[in-house]
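*Asks:* Got a structure for you, written out below as structure tokens; questions coming shortly.
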Amino acid sequence: MSSILLGVNIDHVATLRNARGTKYPDPVHAAEIAERAGAAGITIHLREDRRHIKDRDVRILRETLQTRMNLEMAVTDEMVGIALETKPEFVCLVPEKREELTTEGGLNVSGQLEKVKAATQKLTEAGIKVSLFIDADKEQIDAAVECGAPFIELHTGAYADAETEEAQQDELKKIAAGASYAASKGLIVNAGHGLTYHNVEAIAALPEIYELNIGHSIMGRAMFDGLEKAVADMHRIMLGARK
């Protein structure tokens, strides 16, 4: 079975920094440690309200990352403009509501097909690889294909938040079916949202999954074990699921 990559989301380093309006902890330093520990890429979400990652972080990380940047962003003219100026290796288009604590669901690509398609085309023409953050739903997967995005990221939030083992298994089956269907359509399949050290193994074991993007649980573990160990431990669990 092929290997699997870990993308580390460092948004919550910025959340902690912004809580006091200080210059520390610096997401740039966190990215350096995560890369050293085995991260294949660094994910950051530049939200419209700038609640954690700031424009300054995007600029500096683009210059300093040794791996690659995955810039999560809403489908707006402002964000597309920032991406075209910054030119990250990857952009992941996500839904966004100002009142939410975190991204609550997948992007409704089929419901705004022309808008997403236009953004995807602009970014692709600039040499940026585009991923769409969607639920494991055939309609959304088909819409992603129509948009011309080479990657999707399957939303694993319902799986992660399931309150019973039966419910979690049902969600896992949906993700597995979605990953298989997307791969059959020629898409490269990533996944993420809500994944922890306790629930990641089953998702990592799905053969179609190319990369997992994980942040909150790694940063939580890092408070006690240190960031380098937290990243390395997550990567080890993921790789173990592929043996």
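Glycine is no exception: its Cβ is also placed from the backbone N, Cα and C atoms.
Swiss-Prot feature annotations, pasted as is:
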ACT_SITE  HIS45  active site, proton acceptor
ACT_SITE  GLU72  active site, proton acceptor
ACT_SITE  HIS193  active site, proton donor
BINDING   ASN9, ARG20, GLY194, GLY215, HIS216  3-amino-2-oxopropyl phosphate binding site
BINDING   ASP11, HIS12, ARG47, HIS52, THR102  1-deoxy-D-xylulose 5-phosphate binding site
SITE      GLU153  site 'Transition state stabilizer'
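Explain the structural surroundings of these features, please.
*Replies:* Taking a C-beta cut-off of under 8 angstroms and a sequence separation of 6 or more, GLU72 (active site, proton acceptor) has the following same-chain neighbours: THR43, ILE44, HIS45, LEU46, VAL91, CYS92, VAL94, PHE133.
In this structure, HIS193 (active site, proton donor) belongs to neither helix nor strand by DSSP; it is coil. For HIS193 (active site, proton donor), the count of additional Cβ atoms within 10 Å of its Cβ stands at 26 [all protein chains shown].
DSSP assigns ASN9 (3-amino-2-oxopropyl phosphate binding site) to a strand. The C-beta environment of ASN9 (3-amino-2-oxopropyl phosphate binding site), restricted to residues of the same chain at least 6 apart in sequence and closer than 8 Å, consists of ILE42, THR43, ILE44, HIS45, GLY192, ASN213, ILE214, GLY215, HIS216, ILE218.
Taking the Cβ of HIS52 (1-deoxy-D-xylulose 5-phosphate binding site) as centre and 10 Å as the limit, one finds 21 other Cβ atoms among all the protein chains shown.
Residues within less than 8 Å, Cβ to Cβ, of GLU153 (site 'Transition state stabilizer') and separated from it by at least 6 positions along the same chain comprise CYS92, SER131, LEU132, PHE133, ILE134, VAL189, ASN190, ALA191, GLY192, ASN213.
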*Asks:* By a simple count, how many Cβ atoms lie within 10 Å of the Cβ of ARG20 (3-amino-2-oxopropyl phosphate binding site), its own Cβ left out?
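*Replies:* Within a 10 Å radius of the Cβ of ARG20 (3-amino-2-oxopropyl phosphate binding site) lie 8 other Cβ atoms.
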*Asks:* Rounded to a whole number, how many Å is the Cα of ASP11 (1-deoxy-D-xylulose 5-phosphate binding site) away from the Cα of ARG20 (3-amino-2-oxopropyl phosphate binding site)?
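*Replies:* Approximately 15 Å lies between the Cα of ASP11 (1-deoxy-D-xylulose 5-phosphate binding site) and that of ARG20 (3-amino-2-oxopropyl phosphate binding site).
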*Asks:* Output, ordered by sequence, the same-chain residues six or more apart from ARG47 (1-deoxy-D-xylulose 5-phosphate binding site) with a CB under 8 Å from its CB, or 'none'.
*Replies:* ILE53, ALA74, GLU96
*Asks:* Just the number: how many Å between the Cα atoms of ARG20 (3-amino-2-oxopropyl phosphate binding site) and HIS12 (1-deoxy-D-xylulose 5-phosphate binding site)?
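*Replies:* Distance between the two Cα atoms comes out at 13 Å.
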*Asks:* Looking only at DSSP and grouping its letters into three states, which state does GLU72 (active site, proton acceptor) belong to?
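*Replies:* Assignment for GLU72 (active site, proton acceptor) reads strand.
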